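**Student:** First the structure, which I've put down as structure tokens, then a few questions once you've had a look.
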Amino acid sequence: MKPSVVLYKSLPEDLRARLDEHCHVTEINGLTAENIAKHEDVFRQAEGILGSGGKVDAEFLRQAPKLRVASSISVGYDNFDVAALNDRGVLLMHTPTVLTETVADTMMALVLSSARRVVEMAERVKSGEWRGSISSDWFGIDVHHKKLGILGMGRIGLALAQRAHLGFGMPILYNARKHHDEAEQRFDAEYCDLDTLLAESDFLCISLPLTEQTHHLIGREQLAKMKRSAILINAGRGPVVDEQALIAALKDGTLHAAGLDVFEQEPLPVSSELLALRNVVALPHIGSATHETRYGMAKDAVDNLIAALNGKVEKNCVNPR
């Protein structure tokens, strides 16, 4: 008998067919409290769930007593209570490898667009402000040969270092839990403590997961240690940066600019002061959002779920037994 699975994010037709081949699938539109209550009987029988977003905690698990596998179409898993999953023996699968290069592309795009004020300049042209030779108040700053600091040297950090060092001749500084031999050997990356990273980086690129230890890791005190000419890039998790402290630093000149793909609250409220600042490039959490990569993530999530339900957990498991 096929295991029962709740799908809470739609899939491409071929991937849905593959899932149907192996599982009895009930599809809902998001893992919301309303949908969970509406499909109470379905969740009571579910052995697997697959999707992105939503909160999976002890309360949810009480409503899904037969759950064995949760497969997330994402690399981050801060919306999952891993301790609660462990208590219940539920495996958590994610998609950490397929999006590496695409997210690194997005981070490099934020570096370039923030430094050269690409979004702001495009808007000026569209609004008819370009009427002759541009003056210095339209100028940006160079990227090549500037120091790029990476906070969190994982797969994405390494891919970013490759782009920055080989493509733009940028010296690489980094801080992580341990030395990264490949980054040091291939890209001459220099390990340093956080204070040194803050003080010396021309671009500080954050590629960290959200944990209790990383929440508001970058706040007022840390921003004050950065160069006034520095640019902060965050494509990791929004709450790693204290957003109010960042806004203050951008307004008073403590920090030159910021390129952001993640925020403390998503979607970013239209009332956010960040949206009123010309020295901010704000994207709607599109780090992995290309057709090719999102398809690859969905495929990995389907494969992960099917494998785990069949007791074949070889990769992409957050909490292997």
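Each residue, glycine too, has its Cβ placed from N, Cα and C.
As annotated in Swiss-Prot:
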type	residues	note
ACT_SITE	ARG237	active site
ACT_SITE	GLU266	active site
ACT_SITE	HIS285	active site, proton donor
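Help me picture these features in the structure, burial and contacts included.
**Tutor:** Within the same chain, residues at least six positions away from ARG237 (active site) with a Cβ under 8 Å of its Cβ are GLY76, ASP78, LEU208, PRO209, LEU210, THR214, VAL262.
In three-state terms derived from DSSP, GLU266 (active site) belongs to neither a helical nor a strand segment and is classed as coil. With a cut-off of 8 Å between CB atoms and residues at least 6 apart in sequence, the same chain places GLY238, HIS285 near GLU266 (active site), listed in sequence order.
When other Cβ atoms within 10 Å of the Cβ of HIS285 (active site, proton donor) are tallied across all protein chains shown, the result is 17.
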